[in-house]
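Visitor: First, the structure itself, so that you have it in front of you.
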Amino acid sequence: MAKTEMYQPPLGNRALFKMSIPGSKSLTNRHLIIAAIASGETTIHNLLESRDTNLMIEGLRRIGCKIEKLNHTGTHDTGVISPHCTCLNDLIQPSDVRIIPSKHYTCSTKIDCGLAGTVMRFLPVLAGLCKGSVEFFGDDQAIRRPMDGTLHALRKLGVQVDGDRIPFTVHGRGEIEGGALETTEHSSSQFISGLLLSACRFKNGLTLKHIGNPLPSRPYIDMTVEVMREWGINVTHSDGVWAVTPKELTGKHITIEPDLSNAAPFMIGAIVTGGSATIQNWPSKTSQPGKYLEAILPQFGAEITKTANTITVSGTGNITGIRADLGHIGELVPNLVALATLAETPSVFYNIGHIRYHETDRIEALVNEISSLGGTITAGKDYIKITPTTLTRSGVWKTYKDHRMATSGAIIGLRHKLTIEDIECTSKTFPRFADLWSGAFGK
């Protein structure tokens, strides 16, 4: 599909398909950061090519890290195979890259963060290890994304920072002393991950203590810790305290898992249509928060079967609403709200206040769009309640430049006629999403 501003999802077709999902954005950008502070070359296989990962790669290049694209080898191509469409198999070719880090980074540059939280919260810490000034800027909506956790922490670590939100400038001195640090920030787990990922290059390592309100999306911090240990970094965690010791890292060969969060709309779409979707290369063990789909979707009435490397989700014809604490999996909330909108009984999702600070205020956006279709949805500071009703109005589903809002509109569009504005915002994490969606759910 050529770039398009408007997209009308296929309506009312029972889905029966198999597909492979592109590599995980969250894993890709974590491995890229660590590869940039290692000694020696690293190769990353099945790297996701999307706006967020391209911004990370370009940011690393701008501070002096050499990154080369290699000829892709392997079988983790992305595509859909369904009874009516086999032409989309191998639609998206993943990438293999070689990262050649610099021993000492010296630079004076500008880095575009777009709307990528991993870029704006991971790279500034690495910039603090550089000798020179790095200015960070981004999309218009980036200014509303909280940055206090990262920038206040850098200041406490002795790094000069001008500004409190996008745009801001980090003035690195070539090293960070490290040591003990306390933080009370709780609007995003990425603040913790960003500090941990580069901490083995701090002169004295890092002992990071979080106090105050619970952190959201804790599985993403667990993912960070697992990635660090994969690289041989000594990191421990106990009672809200993470400790990282200094270490010189060697290069590695890394293979990126499929992005399980990007599988969510396709799995949910199968439930909505009463069909069946098989996701290939599903890991048997993973740190990705998308793994919780295995437990959550059956609560809505889905049937799930697994093999050694696949998962199949089938709709039963009935969708039951649920009450659930989704604080640990905020990225999945918009798609689950879309599913709940099409259920037969009410749903309540709580402890999700942090998703107000994602690419857009996702709680407000979901209330606005579902209400505009005639749905019944209410919200508070940190919860959403959906009372299923017949959607009575067609119209344009606004995405707010948010990829999860776009995929949520696509789910509802399987049952109710609508047009999605700016479907290409999905390229943030899932290039050519609309082509794959039409292939999976079209006639």
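Including glycine, each Cβ sits where the backbone N, Cα and C put it.
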Visitor: The 3-phosphoshikimate site in Swiss-Prot lists K25, S26, R30, S188, S189, Q190, S217, E331. Which one of H237, H253, H358 belongs there according to the record?
Guide: H358
Visitor: Restricting to the chain of S217 (3-phosphoshikimate binding site) and a gap of 6 or more, list residues whose Cβ falls under 8 Å of its Cβ, or answer none.
Guide: S188, S189, P289, G327, H328, I329, G330, E331, H354
Visitor: What number of additional C-beta atoms lies within 10 angstroms of the C-beta atom of K428 (phosphoenolpyruvate binding site)?
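Guide: The Cβ of K428 (phosphoenolpyruvate binding site) has 24 Cβ neighbours within 10 Å.
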Visitor: Let me make sure I understand the span of the phosphoenolpyruvate site: among K25, G117, R145, Q190, R362, R404, K428, what is the greatest distance between any two Cα atoms, in Å?
Guide: 20
Visitor: Under 8 Å Cβ to Cβ from R362 (phosphoenolpyruvate binding site), same chain, six or more residues apart: give me those in sequence order, or none if nothing qualifies.
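Guide: Same-chain residues close to R362 (phosphoenolpyruvate binding site) (Cβ under 8 Å, separated by 6 or more) are V333, P334, I355, R356, D402, R404, M405.
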Visitor: Using Cα-Cα distances with a 10 Å cut-off, which of the binding-site residues K25, G117, R145, K428 are near H358 (3-phosphoshikimate binding site)?
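Guide: The binding-site residues passing the 10 Å Cα test are G117, R145.
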